[in-house]
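Participant: Please find one structure pasted underneath; my questions will follow.
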Amino acid sequence: MQLTEWGLQEGHLVAVIIFCISFTGSIGNLLVAIHTLRFPSMRNSFGLLLASQSIGEAVLCSLFAFYYSPMVFFDIHTMKANSRYVGIILAICYDMCILSHLFISLGRMYAICFPLEYRSYFSTFNTKIFIIFTWIAGATRCLISYEVFDCDFVYDDNVWAFLFTRTEECKFISSYIDFFKDVAIVVAIAAVDTVAIVKVLLVKIQSRQRSRNSMDAKRRKEINFLKQTVLQNVAFVVGLLCYFKLAWKFKNHWVNWALTTVVWNVVHCSDSLIIIGFNAEFRTLIASPRNIFKIKNYVTNWRSTGSTAVK
């Protein structure tokens with residue numbers, strides 16, 4: 001390993017930075033995953049999808065914190081040789097997360113534009129089907145890449161990043177199939193969010209001409225959740241462009257690493273921070289840390305109120 005200008009070995013600096021980001025993401029996403037259904041306002045389709053998404057992101061961040069970071073810091077060759085197995089899990093979690101974002105946006109749009117249909121289409125049963133689909137779709141895509149095309153997602157020591165193996169088939173899969181699949185999902189999310197935003201703005205204009213109070217409070221909450229969704233989607237778009245396109249326009253390995261591994265971790269770390277920042281329930285929870293460990297009666301509360309709470 002070469003020394004940096006601070007006297008640290010390059011691998012040590014890389015590992016420490018990624019550990020700090022990914023560990024924060026692990027804690028944030030675990031907090032969201034464990035406590036989401038505790039809040040009455042989230043005992044619904046949105047809460048279930050959010051909990052599933054946060055579990056996937058917690059797994060992804062934890063792998064970077066407790067596998068990637070020690071592997072790079074201590075230069076463990078055995079872990080590097082078996083990185084393909086970690087790559088499978090990382091890819092599954094990423095695909096599951098972006099699909100969860102799509103279903104969350106669809107649910108938000110239906111709740112705003114078609115509130116009556118929302119209760120039917122995004123029932124608890126249907127939402128569980130959506131969640132199962134996101135995990136199966138992610139796993140299926142990875143199995144096809146790994147088993148059918150023998151295209152592994154492995155750790156590359158030259159740029160400290162997980163990359164597809166450099167074969168013609170893998171290059172085609174990563175540069176075209178994966179990239180355009182993700183772009184298509186992000187565009188769909190943006191289109192759905194745009195419809196929801198337009199509807200909220202129209203209702204807001206109409207509400208100015210009538211009484212406000214509870215209706216305005218409801219719309220303000222909807223706008224708040226839309227802001228959250230849009231900000232998360234912007235983060236995903238930036239990460240997508242950096243990883244697949246921008247990173248490879250530079251020949252400096254530090255820039256390559258920053259625009260792949262660092263950006264990837266920041267995106268999934270920021271997901272949980274955005275959720276916490278935009279939801280008063282989570283901010284209150286963090287302000288009183290003792291409440292974090294109060295998980296008794298969650299199931300009872302969910303059964304008694306889950307069917308009536310709609311976002």
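Using N, Cα and C of the backbone, Cβ positions are placed for all residues, glycine too.
Residues or ranges marked as domain 'G-protein coupled receptors family 1 profile' by TrEMBL: 28-238. Positions annotated as transmembrane segment by TrEMBL: 12-34, 46-68, 88-108, 183-203, 224-248, 254-280.
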Participant: Looking only at residues six or more beyond either end of the transmembrane segment (12-34), which have a C-beta under 8 A from one in the stretch?
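Facilitator: Apart from its flanks, the transmembrane segment (12-34) reaches 1, 4, 6, 50-51, 54-55, 57-58, 60-62, 64-65, 68-70, 72-73, 160, 257, 261-262, 265-266, 268-269, 271-273, 275-276, 282, 285-286, 292, 295.
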Participant: What parts of the chain pack near the transmembrane segment (183-203), using Cβ distances under 8 Å and only residues at least 6 beyond its ends?
Facilitator: 98-99, 101-102, 105-106, 108-109, 112-113, 219, 222-223, 226, 229-230, 233, 236-237, 240
Participant: Taking the domain 'G-protein coupled receptors family 1 profile' (28-238) alone, what is its mean pLDDT?
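Facilitator: PLDDT averaged over the stretch: 88.
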